[in-house]
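Taken from TrEMBL as is:
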- 79-378: domain 'Tryptophan synthase beta chain-like PALP' (DOMAIN)
- LYS114: N6-(pyridoxal phosphate)lysine (MOD_RES)
- ASN140, THR377: pyridoxal 5'-phosphate binding site (BINDING)
Amino acid sequence: MGHVKRLKCLVCGTEYDENEVMYTCPKCGDNGLLEVEYDYESIKREFTKEYLSNNKSYSLWRYLPLLPINDPSKIAPLQVGFTPLYQVPRIREDLGVSNLFVKDDGRNPTASLKDRASAIVVSKAQELGKTEITCASTGNAASSLAGATASLGLKSYIFVPKNAPKAKLTQLLVFGATVFAVNGTYDEAFDLSIKATREFGWYNRNTGFNPYTVEGKKTVALEIAEQLSFDVPNYVFVSVGDGNIISGVYKGFFDLLNLGFIDRMPKIVAVQAEGCSPVVDAVNGDGIIKPVVPNTIADSISVGIPRSGIMAVKYIKNSNGFGIKVSDEEILKAIKYLGTMSGIFAEPAASTSFAGYLKALKEGLIKGSDKVVVIITGNGLKDIDSAMKSVKEPIYIDPTIEDVKRKVMEINELFRRR
Ligand SMILES: Cc1ncc(COP(=O)(O)O)c(C=O)c1O
Ligand SMILES: N[C@@H](CCOP(=O)(O)O)C(=O)O
């Protein structure tokens, strides 16, 4: 058995046994997000530094005692997690900063951080005997769910906006999901998937509904802490849509604090696009989420009604973090800068966190000596049409060495004139 003590409603505080409820608090309805609370004293007996040093698993299952899994024989087989934490030396030198790290979570099996949540939810579904799982998504959560269900032979029913980036749609189809391409927004797809859950009895993975997505996403923070030998950063920069990833980041560090692995919490920084910033506005304002009509190139964070928003705002404030907004132009520039200076390829929603870091540094909100981790949440290959907007066209040539020579001379001439 796992070490979950209870589920607690974030809104009214009612406590439930983990077998008592499946999704949100019955008293508060769809707003009643549940937090998963653990028996830290029993975890402490199992999960020690010695346990970690003897552990040969380099995936999120390395942290099994800290996860809500009761039957480890049911866990999903894809290799999720333990993504690289880079020191990015060229960027450090260019910006004159000494302590920057970039966590590349685009290196997960379906190329986004969402794999962490899907691994847990699908394993939970197996424990519950559910073979049909649904979710609403802008594409990444969906492809992670479809990949995880494919690995186990389960069925997935996916609701995505019909204009989701083609690579994300392609992943879904290749993984064999049943795809409902909704003539509407992600927010509409979300409501539809909840209705379908109630209609057909499918298990639902949706963020802000299923309490276990945060538990999967928190493993990114557990890894960051371990990769930094538990000397945690001052700041962690996270792109925000629904606010579920950032809640997971907080929760991971919070668990480690309660277990005595770390002695302070990093400040968690939310980054959103100027055209869709309900969480940042709430964090920097009165704390209340006001839904918006999204308008940003970063499709994955194009979320007008942040379903984990209440939790995200609470956690960001608890950590003494802050929120920052960036323009679409800054998001595209960050894709190019990160790619050119580190070899890391981020999709727009993922480069948003890095754009926020650059802006916070420029505006003096953080110092060059601060220890900072920027999380890259999804791979740039997910949305090459947007990435192409951040770069120039290639040099088109005839297949002759003369043409190559001519172009090289032109390039050298351009450099001389600069
Ligand atoms: C690549 C990427 N980055 C960031 C986010 C934001 O995560 P959240 O919606 O949990 O705030 C998402 C998905 O929502 C995403 O797919
Ligand atoms: N942009 C997200 C929306 C939902 O993702 P989730 O993991 O928070 O449920 C996506 O990737 O679809």
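Each Cβ is built from the backbone N, Cα and C atoms, and glycine gets one as well.
Not measured: the values here are computed from a predicted model.
For THR377 (pyridoxal 5'-phosphate binding site), the same-chain residues 6+ apart in sequence whose C-beta sits under 8 angstroms from its C-beta are ASP105, GLY106, SER112, LEU113, ASN140, VAL238, SER239, ILE245, SER300, ALA349, ALA350, SER353. Residues LYS114, ASN140, taken from the recorded positions LYS114, ASN140, THR377, are distinguished by a CB atom under 6 angstroms from ligand 2. Around the Cβ of LYS114 (N6-(pyridoxal phosphate)lysine), 34 further Cβ atoms fall within 10 Å across all displayed protein chains. On the 0 to 100 pLDDT scale, the domain 'Tryptophan synthase beta chain-like PALP' (79-378) averages 98 in this prediction.
DSSP classifies the residue listed as 'N6-(pyridoxal phosphate)lysine' as helix under the three-state reduction. Mapped onto three states, the DSSP output places THR377 (pyridoxal 5'-phosphate binding site) in coil.
Neighbours of ASN140 (pyridoxal 5'-phosphate binding site), defined as other CB atoms within 10 A of its CB across all chains, total 34.
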